[in-house]
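If you look up TrEMBL, you'll see 22-71 marked as domain 'NXPE C-terminal'. According to TrEMBL, the feature domain 'Cas1p 10 TM acyl transferase' maps to 253-734. Annotation source TrEMBL lists transmembrane segment at 273-291, 325-343, 355-375, 395-416, 446-466, 473-495, 507-526, 561-579, 599-617, 659-680, 692-711, 731-750.
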Amino acid sequence: FKGDDTCEYLLSSGRFLGDKVWQPHSCMMHKYKNSEAKNCLIDKHIVFLGDSRIRQLFYSFIKIINPQVKEEGNKHGNIPFEDKSASVKVDFLWYPEVNGSMRQRIKSWTEGSVAKPHIIVAGAATWSIKIHNGSNEALTQYKINISSIAPLLEKLAKSSDVYWVLQDPVYEDMLSESRKMITNEKIDAYNEAAVRILNSSSRNSKAKVKVFSVSKLIAQETIIKSSDGLHLPESSRDTNAMILMNVYCNKIMKPIDGSCCQPQPPLTMIQKLAFCFFTLSIVGYLIISLIHRNNYRKNKSCTDLEIGEEKKPAVNTPNVSTLEMLLYSFCKLGLIMTYFYLCDRANLYMKENKFYTHSSFFIPIVYILVLGVFYTENTKETKVLNREQTDEWKGWMQLVILIYHISGASTFLPVYMHIRVLVAAYLFQTGYGHFSYFWIKGDFGIYRVCQVLFRLNFLVVVLCVVMDRPYQFYYFVPLVTVWFMIIYATLAIWPQVVQKKANGNCLWHFGLLLKLICLLACIYFLSYSQGAFEKIFSFWPLSKCFELNGNVYEWWFRWKLDRYVVFHGMLFAFIYLALQKRQMISEGKGDPLFSNRVSNVLLFISIVSFLTYSIWASSCKNKTECNELHPSVSVVQILAFVLIRNIPGYVRSVYSSFFAWFGKISLELFICQYHIWLAADTKGILVLIPGYPMFNVIVSTFIFVCVAHEISQITNDLAQIVVPKDNSTLLKRLLCVAGFFSGLLLFSAMRNQSRH
């Protein structure tokens, strides 16, 4: 740990991921678009001062602002650039040698008669080596000249950002005869002199000229691709320009995936209150635990000498144990949330960018599938989509999604389309599971609703407070929460149609189908009426839950992407339960679901459908077009999988306990990955052990899975305490929850007002 400033790492160290992706040591680099660059550099004046290599860097830099710029003009002269829309001025000043002319130009900026540039990027040496034929006298003169310039640069650095670019190595075999004297040995000598003089001049000064040495590392890997042995290939120059943009703009723009040079965000009032709450919980638990143990010692069972019987301690155990369990849960949660904060908000642990390769995705997939098959056991029941099977389904899907996220496989469209089906399958299970419960049990009580809402949202609400993130940021939880409420409302409103009522009169089945048709019509209308959808979710305080970056577009996009699959899950559950009630399917151990002939036909159709969808998804060329078709066709592969998994009796009778274990904590795994497995809100990878990528993944994964399992247990324990079965007590608790959220809204409004 070397403090908060990661700029030093960005400017001096890193490595290549693949051919063109540069990974700075310890932090993440954002790829700036031209609109972002303009917003950052508005009303700024930037100067590039030096030789032909600095000119190349200048062109790469202005191409970030305006990609249409062409490299033309006098190569050995000054080149101006201006973007009037953002009032950005970028100038290249031709000073190929560190000499009196360069000194005079820099001095003019320090005297106040000329406006100082906001950013100065300077560097030169190869011309001095070439003109003086690599003589030692030229090196001595270079040292004298840079020594005279260094104090002026330090003076400028007090009000401007000043960068001195070290000389890149050359590819000596490719140099022309007129440049043969420019050797890497000479370049190293000039660089060493520049670093020593610049560092010594800034030793006693708060201002500091930043040495841009990372270009050397980049050139060592890529100079072999140079066209003349001296100048860097375009991709390397673009990387250097992007590093410069990150050094200056990250602290202004604060991009999520640009952790380099970003200061640690200040604690909000809500975060401070959360810290106090968890601290008090830890202290309270320790005090109660000590009192509890002390009472236990005093009231320990002992023998009465007069009657020879044991005395029982008269302690009100239930009350103490409930309070102790509550504080113990918050105590553990507080320690876990501290780890979350340190991982993804404090600049304590390193973060790195993702880089996709086919092997980084498919090898772990094969590995976990082998493990899953190895841990095969018999199910307790052999019904379609029984509990063990759905846990298994959630488990392997969650593991695949985790590998997809950490490997950065979203850049590979066929994988992206298949992962979209897995997300849809989760929502399919939401529709199937909740419909089945309400249809069979007929329990529409407030206790059931509160239990489900608490288990779904508890962790996310805590993270919104601790990590200072909006609710919609954890998009999947709002999605399943809203769909649960839609399922509940559809079945609970008059007339309530449940299995018990429908068994008495078949007409009730048509009543339920009519409800489902109305639901489908509403979904269809909202999916094609963005305005109506946004109006519904833009009402305060509902908008606070669904806004991201000031609007609800992201929420509309996420909802629209899987808009029909919950309905498909509900419809499947209705048809399956109707067939089961009429004994039209066989669910005995080892028995096929239907007659042999029907089972074989359905199995064949399912396999063909499954493979057809995969072929279509793998041939996708345009993400937008495929996303438009996805809501309507994703159910094909989901239903095909369900039938393949359940038609053969022997397949339905076994499950993977390995996958089922992960399935029980799938929601916690999905949410926790945002901050303690991935980093920078899923944009990067958390690095606990730098330099050893595989070992780092093993260690961070172990901690991540343990934390997710622990949070699952904490949520279950708190659900029993916070959501009581007694309705009057539950209503009081709901008033407290309403008060809590009102407080959050108040603090949020105060924070927004202070910002404005």
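Residue 1 is the first one shown; counting continues down the chain.
In case you wondered, yes, glycine gets a Cβ from its N, Cα and C as well.
Listed stretches 325-343, 355-375, 507-526 were compared with the transmembrane segment (446-466); the greatest number of C-beta pairs under 8 angstroms is found for 325-343. Contacts between the transmembrane segment (395-416) and the transmembrane segment (659-680): present, as 3 or more C-beta pairs lie under 8 angstroms, all at sequence separation of six or more. Note: the stretches the transmembrane segment (561-579) and the transmembrane segment (659-680) are not in contact (fewer than 3 CB pairs below 8 A, sequence gap of 6 or more). By number of Cβ pairs under 8 Å, the transmembrane segment (692-711) is matched best by 325-343 from the list 325-343, 473-495, 507-526. Same-chain residues lying 6+ beyond the ends of the transmembrane segment (355-375) with a Cβ under 8 Å from its Cβ atoms: 17-18, 21, 23, 392, 395-396, 399-400, 403-404, 407-409, 411-412, 415, 656-659. In summary, the transmembrane segment (473-495) lies against the transmembrane segment (507-526): three or more C-beta pairs, each 6 or more positions apart in sequence, are under 8 Å. Across the domain 'NXPE C-terminal' (22-71), the model assigns an average pLDDT of 94.
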